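K.L.:
Next up is a structure, given as structure tokens.
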Amino acid sequence: MLSVAILAAGKGTRMESSLPKVLHKISGKSLLQRVIDSCAELKPDKIFVITGHKSKEVQKSIPKDKKIHVVVQEPQSGTGHAIQVLCSEVKKHEGKLLVLNGDVPLIRPTTLKRLLYLHDSKNADVSLITTKKTNPHGYGRVFLNGDFIERIVEEKDCNELERENPLINAGVYCFNWGNLSEIINTLQSNNNQKEIYLTDTISLLKNSLSLEVEDNGELQGINNRIHLSECEECIQNSIKEKHMLNGVTFINKASCSISEEAEIGKDVIIEANTHIRGNTKINSHCIIGPNTFIENSNVGLQCEISNSTVYDSQVMDHIKIGPYSHIRPNSKISSYSKIGNFVEIKNSQLEEETKVNHLSYIGDSIIGRSTNIGAGTITANFDGQKKYQTKIGKNSSIGANTVFVAPINLGESVTTGAGSVITKDSKDNSLAISRTKQVNIENWKKKKS
């Protein structure tokens, strides 16, 4: 039986934030969620998330899962105290207990599996991950006696000689839970921090082993915004390298960010300052960017999107969008269409070969195929209380500066006169025009200021 305890109770004061440290995000996921995801790959029987500081806020972020249980640590008196609280709330202490911090977002499931294997194969009481750092400042130092761990001394309790030891405690432990539960309540806060250290269990358990791993960044704990940025960069480099090896070109990869869920086809070019978020799929032979943001959207084959934003929408094949277009949620732009500069599309469906080239707002609308929308066209869809739909049939030609006051339904091959305010439905093959007759007054004298 395997149980996991994730320590997520700390204040994270060095983050200088009102947000709990474990809720800060890297590439769209919180630190805590990343640790939960890594642990879930071990297929544990239970995952305990130990919260404390702003516990309710942290609990709201935890996914609903029968295997995940929340334990509240009050007050927060150290890592050893956290496990004391856990042991007091859980009646059966069976099998193995894996303990790790909620601020190590890069920890790999393969590394955790290696720790579990070492623990089982050596029948250890406790096994923990260690690594050597050229600058071990801030970490507890691990002292070995042959193959066994003799003791761990926290940074603030080290003397000058002990501080020279480069072998540090990564804060990832695997315990025989039964043996741990027998000694956990004997831990005391006899240290400079006046906290109960989990590391003090090492000297109380007989068979304590170390799994030394290479310092490759996966054990980096997040203590400040610099660490957060470094981990973000590490994850982003990994994501972008994967895509480049699969045939994607980044013009300036350092200026771009890509979500882990995103799918990008071959021969796609990602220009500078482009950000692809969420469950976005970009098919082959597209040019995306520069200065473009796409989130939770599907982009078809051979599309070009520049200096624009696309949210929760479908962009089909052979479409050009931008510059300075805004495609808002629940929109579908069908193939061979063109969305030009300063155009906003919201909750609308544009059929094939539709053009909206300039300075227009299309909201809550259905636009038929091969329709041309003139510059300055507005679908006035809101009466102050409710939103209404505009329908325009295929092969229509909408004059510049037309305003449609919804709800309204235009047939196929309809033409509207420039500057019209259309308030009534129009049949197929009709001209809709609504504007006052022009009056020219000769010899007009301007008013003097």
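For all residues, glycine too, the Cβ spot is worked out from N, Cα and C.
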K.L.:
Figure out which of ARG328, ARG435 sits with ALA375, ALA418 in the acetyl-CoA site per Swiss-Prot.
P.N.:
ARG435
K.L.:
So what's the average pLDDT for the region 'Pyrophosphorylase' (1-225)?
P.N.:
94
K.L.:
When you look at ALA375, ALA418, ARG435, which the record names as binding acetyl-CoA, what is the longest CA to CA distance in angstrom?
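P.N.:
Those residues reach a largest Cα separation of 17 Å.
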K.L.:
Could you state the whole-number distance in Å separating the C-alpha atoms of ALA418 (acetyl-CoA binding site) and ASN223 (Mg(2+) binding site)?
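P.N.:
Each residue's Cα considered, ALA418 (acetyl-CoA binding site) and ASN223 (Mg(2+) binding site) end up 61 Å apart.
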K.L.:
Including all protein chains shown, what's the count of other C-beta atoms within 10 A of the C-beta of TYR361 (UDP-N-acetyl-alpha-D-glucosamine binding site)?
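P.N.:
For TYR361 (UDP-N-acetyl-alpha-D-glucosamine binding site), the 10 Å Cβ neighbour count is 20.
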